[in-house]
Amino acid sequence: MNKHHQMPDRGLLRVGAASAILGVVAAVVQSAVDPSYPDDPSEAILRASQSHFLTFSRVLDMTAFLLLLVGVSVITRVFSAGRGSAWARVARTLFVVSAAAGATATMVVGSLPEIARSWAEANPALKPGYVAVYDALDDVTGGVFAVSWAALGLFGIVYAVALSKSDLFSKTLAGISAASGVALVSAIVVGIGFQVPVAFVLLALGLVLSYVVIVASSLKLLRMSGAPKVDASHTSNASSSPAQVAPSV
């Protein structure tokens, strides 16, 4: 029986690889331009009312989520019907959860500048209410982003298993993916359970390693899209048993 599985269309591979790489670029740029705000909600809402970078940053964030979702969906299709295919499907589901949670948090954060502008125009007696709403939404988005990062960490671990079972990708890439997943999950556990600064270091490390894995997987897709096609009839004939090709007596 022929165990070879058919690769996705070459054009689809190129689109997926390009989407994933552009998604990583958008995510890196977003991290670079993302404005930082004080922990004090009264100062944070004042800063948000005076800046337009938060809205621009959220647009980049949403763009990155969408591009990465397309890219990872195509990347994991390469495993279909092959070794590691079941693990790749689970990994894709986890990435969808991560992207959905991240996009939800991004949309909530996108409403903060509007609240800040309303706070700036409100009567002094009403301003504490806007500050309370701003602070509450900021806390909610932090929790939703934590869900997104945790799902991304689980994606890294499960995707590492898929990579290790596949003959298409290197075991080194599987190790990097596993390291990214462990770092992200550890960041969430340490950050929520112990609230120590090392959680931020683990989070940054996990995100960087996950970007490395996605870019490396995308480059592999580009190489696969340029590889010559294998004639299915030749493959079928080569895999035929001697009994099947022997002349009848």
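Start at 1 and count along the chain as shown; that gives each residue its number.
Glycine is no exception: its Cβ is also placed from the backbone N, Cα and C atoms.
Copied from TrEMBL, the annotated features are:
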type: COMPBIAS; residues: 236-249; note: compositional bias 'Low complexity'
type: REGION; residues: 230-249; note: region 'Disordered'
type: TRANSMEM; residues: 12-33; note: transmembrane segment
type: TRANSMEM; residues: 53-79; note: transmembrane segment
type: TRANSMEM; residues: 91-112; note: transmembrane segment
type: TRANSMEM; residues: 140-161; note: transmembrane segment
type: TRANSMEM; residues: 173-194; note: transmembrane segment
type: TRANSMEM; residues: 200-219; note: transmembrane segment
- Item | Contact yes or no, the transmembrane segment (200-219) and the transmembrane segment (91-112), 3+ Cβ pairs under 8 Å, gap 6+ | no
- Note on the structure: Given the transmembrane segment (53-79), its same-chain partners at Cβ distance under 8 Å and 6+ residues beyond its ends are 7-8, 12-13, 15-24, 26-27, 29-30, 33-35, 85, 87-89, 91-92, 95-96, 99, 102-103, 106-107, 109-110, 112-113, 159, 162, 166, 168, 214, 217-218, 221, 224
